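Quick look at what Swiss-Prot lists:
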type	residues	note
TRANSMEM	30-47	transmembrane segment
TRANSMEM	50-70	transmembrane segment
TRANSMEM	102-122	transmembrane segment
TRANSMEM	126-146	transmembrane segment
TRANSMEM	152-172	transmembrane segment
TRANSMEM	181-201	transmembrane segment
TRANSMEM	228-248	transmembrane segment
TRANSMEM	251-271	transmembrane segment
TRANSMEM	286-306	transmembrane segment
Amino acid sequence: MSSVTQPLAVPRPGVASLLRDYSELTKARVTTLIVMTAWTGAFFGAAKSGLPLVSWTLFHALLGIGLVSGGTAAMNEVIERESDARMRRTAIRPLVTGSMSLGHGMVVSLVMMIGGAGYLGLMTNWLTAALALMTSVVYLMAYTPLKKIHPICTTIGAFPGAMPPVLGWTAIRGHLGWEAVALFAILFFWQFPHFHSIAWLYRDDYANAGIRMLPVVERDGRSTAREIVIYAAFLLPITLTPFLLRFAGRIYFLAALVLGSMLFWVSLRMFTMNLAPSSPHSKKYARQLLLASVTYLPLLFAVMMLDRTI
């Protein structure tokens, strides 16, 4: 009696690499963070309306926002593919390596952006869809080209960067509110310590690509450090507005004071230390600030949401 051994099913070659390419194209990690901050806005929108904190509307909102965000990131990589090829940290992107064609990237981008906006309009409301598209337009048509022209690009980019919680809020509420403005302001001011620390760490890469971030234009580091301290100082009182608007309580108030003071202290250290490019401390303090900023924001929002539920 003979038996035939059936071959094991194996994944189709190229599927895993294609998924990795899509992840790189849509900046999956950044898109995930955007969805999480949008969730914060949706959370407080639901709490304000007396709606369930978990609902199908929330699902539709986060999915639509994620699609628009991922599509915008993909179009950014389409536009900046030549600059990306000149930077070590972005040279692995699929449009640079050739593992994905330019046409493929453009189609994915447009389908996600337009489809995501349409999905938001149909499943939540058209205000959110319009704001999402406006955010994409400002990011792609103002921030992206300005990166090659003037350091003000960081300020312009902070506007679309602060929109996710506003989108989450309007998706649930259907209109704007002071709570959404407060969340927008927190995210707006937080971006300066965060992105200036990144720009300082990768200033040589940016210089090679012709991207005129502040650390590239002002090589001594004083202007960068000064701007970091100023925005960190403004951020501290701004984070207290949720308490003043009474959508967060005393636990949040104390946490905002502690977290804000710690971020300001790290920012101040970067200002007081020697940040000359040749200094051995140059990247050390920028890296510490980057770590502090990426720890600060999720902790702040988590405490804000937790305080609302207890």
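Any Cβ shown, glycine's included, is placed from N, Cα and C.
Here the transmembrane segment (251-271) has long-range neighbours at 193, 197, 225-226, 228-229, 232-233, 235-236, 239-240, 242-243, 285-286, 288-289, 292-293, 296, 299-300, 303-304, 306-307, 310, meaning same-chain residues at least 6 beyond its ends whose C-beta is under 8 angstroms from one of its own.
Residues of the same chain lying 6 or more positions beyond the ends of the transmembrane segment (152-172) and with a Cβ under 8 Å from any Cβ of it are 34-35, 37-46, 49, 51, 57-58, 60-62, 64-65, 69, 120, 124-125, 127-128, 131-132, 135-136, 138-139, 142-143, 146, 179-181, 183-185, 187-188, 191-192, 195-196, 199, 212-214. In this chain, the transmembrane segment (181-201) lies in contact with the transmembrane segment (286-306); the count of Cβ pairs under 8 Å, excluding pairs fewer than 6 apart in sequence, is at least 3. Panel annotation: around the transmembrane segment (228-248), residues 44, 47-48, 178-179, 182-183, 185-186, 189-190, 192-193, 196-197, 256-257, 259-261, 263-264, 267-268, 270-271, 289, 300, 304, 307-308 of the same chain, lying at least six beyond its termini, place a Cβ under 8 Å from a Cβ of the stretch.
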